[in-house]
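Chemist: If you scroll down you'll find the structure; I have some questions about it.
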Amino acid sequence: MENSEGVKIESTVVTEEPLISALDIALFVVIITVAYFWYFKRDKQSSSSEKKPYTIQPSSLSSIEQTSNSSFIKKLKSTGRSLVVFYGSQTGTAEEFAGRIAKEGARYKMKGMVADPEECDMADLVEMKEIQKSLAIFCIATYGEGDPTDNAMDFYEWLQNGDADLEGLNYAVFGLGNKTYEHYNEIAIYIDQRLEELGATRVHEIGLGDDDANIEDDFVTWKEKLWESVCSHYGIEETGEESNIRQYKLVDCSEVLPERIFSGEISRLKSYENQRFPFDVKNPYLSKIAVNRELHKSGDRSCMHIEFDIDGSKMRYDTGDHVAVYPKNSSELVDKIGELLNADLDAVFSLLNTDEESSKKHPFPCPCTYRTALTYYLDITSNPRTHIMKELIEYASDPKDQEKLKLMASSTPEGKKEFHEWILRDNRNIVHILEDLPSVKPDLDHLCELLPRLQCRYYSISSSPKVYPKSIHITAVLVNYTTPTNRVNKGVATNLLAQLIPTNDELPQPTIPIYIRRSQFRLPPKSQTPIIMIGPGTGLAPFRGFIQERDYARKEGREIGEMVLYFGCRKKDEDFIYENELQEYVANGTLTKLHLAFSRDQPEKKYVTHLLEQNADELWNIIGEKSGHLYVCGDARSMAKDVHSIIVKVVMEKGQMTNSQALNYVKKMEQQKRYSADVWS
């Protein structure tokens, strides 16, 4: 039947039932029981939660062990230490710097320890004043769009939301950032200021390391002045003793059963054989390579379109997220180290922390073979830092090699120049150093302790889960280049990916460990909101996902806003990636406009920034008059900066604003997530 407004109404037969049924009584009893247990459990835990408002505890420990291990104050007191160095690290550099500072503390009669804020009760900072001549140092990295590192996120939020009295806490901060990014060292600067606001005493001014220049030089320069300030503040003197003390000791594991030996797993033994959800940084998913095809049509460069199969993994991603890929070093480089050091790479060993109180028992999963460590766990392709030069001195039998290492390890102007030219400019890695200084023969276990951890590589996901829920796509340029010493350096991840070509169904498909990292690079909540996307080269990657998602919405019958894409490459006939796809989206109306810049197809180079300047009216119409969103992806050093300058200029001219007003307008766009950047240097 229908009512007077034409709405259908279902007819219902009503029968009489008892007011309270047996089911009602049963549900009532269950609710009362649950409420009773919840109330008394909450009451029992209330006192401890009030005393400890901020606690991050390792998941692998029992509750008693967790409480004990989260208190860094107890560790300091029980071991007679006065220095604690916290690190906020995404790639391992901040953790490495923290270890170097803690180690040097012994030269100033300050026994130190390194601490991960994620594993500590940071509210205990209020008790640092109880330890005589105590000092807390923070080595804090900023990544993304001014974000804290994953392990420093809770500490950052605690500082933002808390009002602890930190009077009596002595501190210093060193930040790790990159000047090509807008939010340069933002987290370190905030922590430095916030600690002072809460009553703490700054012992030494903040240090700002720039990874785009020479962050090692920035760190060493700051560290030297730090110790001068420490000596002045506490009235102490340097002992003059060099501290080349090993942090880890070698353990012979030749008798360990094969099933107890790590073979490349990131955390849990046999995790690749027995995969368990959820998958994250410590538990990646071993994904099959479903597709690996070349995108460049010609030329001597390569750009790969790769699809990771995530069917059955329960992994979910959003358009704009990143996928982390765990690479491995080439067997050629690994074998070369074995040859240079005359070492048995298949010997099983373990490195055990000499500090029994440290929560980090091993520098990487142990026990394992040297071959496994050098292949999966250690970075053997990056430029070693000065502290490694210093540690190698004792292994040089040739006085000339020894003097060269001493010079590069020093902080003199001559030493810094030599390190910059011989290591950084000539792009030498540890293999090259051992080749060019043949008398240097370090113990392999010590070298494994010194080398930084091999880090995963992040790629913008170039697909939409609406269209590809069972796979993740990436767009990656193969990295190969010749160094000034005529050596060919190869990108660790891209050269590995290039080898992982799917075969026919009868053979096992190639696999690689991955996990998903969430991003703030997001489409507007409303599909009708107009957007401008600026992504030359592989900067197109996330926008391919954006376009797919809007196309999906259009096919569902939903209204979609204007989509304007700026794309650029060298030559149309060589590296115009995804050309057919983009032209199809233009033809079906999903992509409103496609602005193309081929820099080398004409005498004068032409870039996307030139097109932006030419299309000022269109730009202002979308971001000004229609409150649309603007996205930039690609090179941070030049392209993203140039785009920002053009946007400010357009806002000034078309919005009739002063320079100051235009800058504030663009800043507000960023705060409202209407201006987003996913860039790299």
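Glycine residues also receive a Cβ, built from the backbone N, Cα and C atoms like all the rest.
According to TrEMBL, the protein carries these features:
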- 20-39: transmembrane segment (TRANSMEM)
- 83-227: domain 'Flavodoxin-like' (DOMAIN)
- 89-94, 141-144, 176-185, Asp211: FMN binding site (BINDING)
- 282-524: domain 'FAD-binding FR-type' (DOMAIN)
- Arg301, Thr538, Ser599, Arg600, Lys605, Lys606, Tyr607, Val608, Thr609, Asp642: NADP(+) binding site (BINDING)
- Arg457, Tyr458, Tyr459, Ser460, Thr475, Ala476, Val477, Tyr481, Gly491, Val492, Ala493, Thr494, Trp680: FAD binding site (BINDING)
Chemist: If you draw a 10 Å sphere around the Cβ of Gly491 (FAD binding site), how many other Cβ atoms fall inside it, taking every protein chain shown into account?
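Modeler: So the number of other Cβ atoms within 10 Å of Gly491 (FAD binding site) is 18.
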Chemist: Tally the residues of the domain 'Flavodoxin-like' (83-227) by DSSP class, grouping H, G and I as helix, E and B as strand, and everything else as coil.
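Modeler: Helix, strand, coil within the domain 'Flavodoxin-like' (83-227): 65 helix, 35 strand, 45 coil.
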Chemist: Looking at the binding-site residues listed here (Asn178, Tyr459, Val477), whose Cα lies nearest to that of Arg301 (NADP(+) binding site)?
Modeler: Val477
Chemist: So for Thr475 (FAD binding site), how many other CB atoms are inside 10 Å of its CB?
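Modeler: The answer is 23.
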Chemist: Of the binding-site residues Ser599, Lys605, Thr609, which one sits closest to Trp680 (FAD binding site) when you measure Cα to Cα?
Modeler: Thr609
Chemist: Pick out which of the binding-site residues Arg301, Arg457, Lys605 has the most other Cβ atoms within 10 Å of its own Cβ.
Modeler: Arg457
Chemist: Over all shown protein chains, what is the count of other CB atoms within 10 A of the CB belonging to Tyr607 (NADP(+) binding site)?
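Modeler: That number is 16.
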Chemist: For the binding-site residues Ser89, Asn178, Ser599, Thr609, which one has the sparsest Cβ surroundings, going by other Cβ atoms within 10 Å?
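Modeler: Across Ser89, Asn178, Ser599, Thr609, these binding-site residues, the one with fewest Cβ atoms within 10 Å is Ser599.
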Chemist: Could you state the whole-number distance in Å separating the C-alpha atoms of Lys605 (NADP(+) binding site) and Ala493 (FAD binding site)?
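Modeler: With the alpha carbons as reference points, the distance is 31 Å.
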Chemist: Which value does the mean pLDDT take for the domain 'Flavodoxin-like' (83-227) in this predicted structure?
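Modeler: PLDDT averaged over the stretch: 94.
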Chemist: What count of other C-beta atoms do you get within 10 angstroms of the C-beta of Gly144 (FMN binding site), across all chains shown?
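Modeler: Taking every protein chain into account, the count is 18.
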Chemist: Please tell me which one of the binding-site residues listed here (Gly92, Ser599, Thr609) sits closest to Gly491 (FAD binding site), measuring Cα to Cα?
Modeler: Gly92
Chemist: Mind checking which of Tyr459, Trp680 has the fewest other CB atoms within 10 A of its CB? They're the binding-site residues.
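Modeler: Sparsest of the binding-site residues Tyr459, Trp680 by Cβ contacts within 10 Å: Trp680.
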Chemist: Sorry to bug you, but what's the C-alpha spacing from Tyr459 (FAD binding site) to Gly144 (FMN binding site), rounded to the closest Å?
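Modeler: Between the alpha carbons of Gly144 (FMN binding site) and Tyr459 (FAD binding site) there are 13 Å.
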Chemist: When you measure from the Cβ of Tyr181 (FMN binding site), which residues in the chain that are at least 6 apart have a Cβ under 8 Å away?
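Modeler: Looking at Cβ-Cβ distances below 8 Å from Tyr181 (FMN binding site), excluding near sequence neighbours, one finds Thr142, Glu145, Ala636, Val679, Ser681.
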Chemist: By a 10 A CB contact count over all chains shown, which of the binding-site residues listed here is most packed: Ala141, Ala493?
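Modeler: Compared across Ala141, Ala493, the most Cβ atoms within 10 Å surround Ala141.
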